[in-house]
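Pulled from Swiss-Prot:
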ACT_SITE  ASP72  active site, proton acceptor
ACT_SITE  ASP141  active site, for ring-opening step
ACT_SITE  HIS143  active site, proton acceptor
ACT_SITE  GLU148  active site, for ring-opening step
SITE      SER151  site 'Part of the allosteric site'
SITE      ARG158  site 'Part of the allosteric site'
SITE      LYS160  site 'Part of the allosteric site'
SITE      THR161  site 'Part of the allosteric site'
SITE      TYR254  site 'Part of the allosteric site'
Amino acid sequence: MRLIPLNQAAQVGKWAAAHIVKRINDFKPTAERPFVLGLPTGGTPLATYKALIELHKAGEVSFKNVVTFNMDEYIGIPADHPESYRTFMYTNFFNHIDIQEENINLLDGNAENNEVECKRYEDKIKSYGKINLFMGGVGNDGHIAFNEPASSLSSRTRIKTLTEDTRIANSRFFDGDINQVPKYALTIGVGTLLDSEEIMVLVTGHNKALALEAAVEGSVNHLWTVSALQLHPKSVIVCDEPATQELKVKTVKYFSELEAENIKDL
């Protein structure tokens with residue numbers, strides 16, 4: 001596991017965007033051999049999406065031969081609802097880049113049969129072989145995608161009941177009213193995520209400090225699903241200084257020295 005300890009959340013977005021652009025450009029994707037990118041929603045990746053849009057407009061990267069898969073979607077709210085994850089992705093990213101519509105893959109939270117929809121999504125991912133890079137965020141309780149505490153670490157795309165903590169955290173997007181936050185969601189599984197060639201998780205803010213501690217210094221534990229990153233051969237966590245508050249000083253120092261060349265220009 002790599003840990004990229006930076007000072008500010010804006011630097012996390014800048015570093016993550018540069019890493020994605022390098023991976024895409026080094027891959028040299030074509031229509032027949034696209035780069036497959038997994039994407040999250042939420043507040044944390046917004047700085048990364050903004051930086052990616054700027055790099056695209058500067059001619060540094062094209063998304064024409066990039067295929068995307070999103071992590072999750074609420075069940076039961078209209079696709080055009082302002083807080084659906086479909087709306088989030090188009091508003092904050094897809095509408096500003098040259099990605100082809102047919103290359104965008106999103107879970108359908110209004111499917112007639114949710115189990116069939118989850119299988120369709122898994123099969124679509126498998127049709128590309130694997131996801132080359134999956135970017136994610138993490139919840140205060142260590143959940144990744146909507147894999148809440150006690151989720152199976154070998155789970156696949158499925159329906160999940162959202163915890164009260166998650167619904168309270170997400171109520172800020174629903175006028176502060178938890179009753180407006182859906183109780184269920186479709187989400188990729190931890191096993192689905194671990195199948196990716198590379199996983200990059202963004203962690204910002206002091207409220208994520210316990211989750212970061214569990215991911216880096218704790219044992220692999222289904223109560224902190226982000227800890228499953230320890231099982232992956234190519235995982236990277238990009239964090240800001242407030243998120244490191246629960247880590248040992250020597251842990252932060254170790255990774256700061258290890259990644260010095262990769263963070264010196266930020």
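Backbone N, Cα and C define each Cβ position, glycine as well.
Recorded residues THR161 (site 'Part of the allosteric site') and ASP72 (active site, proton acceptor) have their alpha carbons 12 Å apart, per Cα-Cα distance. In the three-state DSSP assignment, the secondary structure recorded for TYR254 (site 'Part of the allosteric site') is helix. Among the recorded positions listed here, namely ASP72, GLU148, SER151, GLU148 has its C-alpha nearest to that of ASP141 (active site, for ring-opening step). Listed in sequence order, the recorded positions from HIS143, GLU148, SER151, TYR254 having a Cα within 10 Å of the Cα of LYS160 (site 'Part of the allosteric site') are GLU148, SER151. In this view, the densest Cβ surroundings among the recorded sites SER151, THR161 belong to SER151, judged by other Cβ atoms lying within 10 Å. For the recorded positions ASP141, HIS143, GLU148, ARG158, LYS160, the ranking by surrounding Cβ atoms (within 10 Å, all protein chains) places HIS143 first. Cβ neighbour density within 10 Å is lowest for TYR254 among the recorded positions ASP72, TYR254. Across the structure, TYR254 (site 'Part of the allosteric site') and HIS143 (active site, proton acceptor) place their CA atoms 26 angstrom apart. Look at THR161 (site 'Part of the allosteric site'): DSSP puts it in a strand.
Looking only at Cα atoms, ARG158 (site 'Part of the allosteric site') sits nearest to ASP72 among the active-site residues ASP72, HIS143, GLU148.
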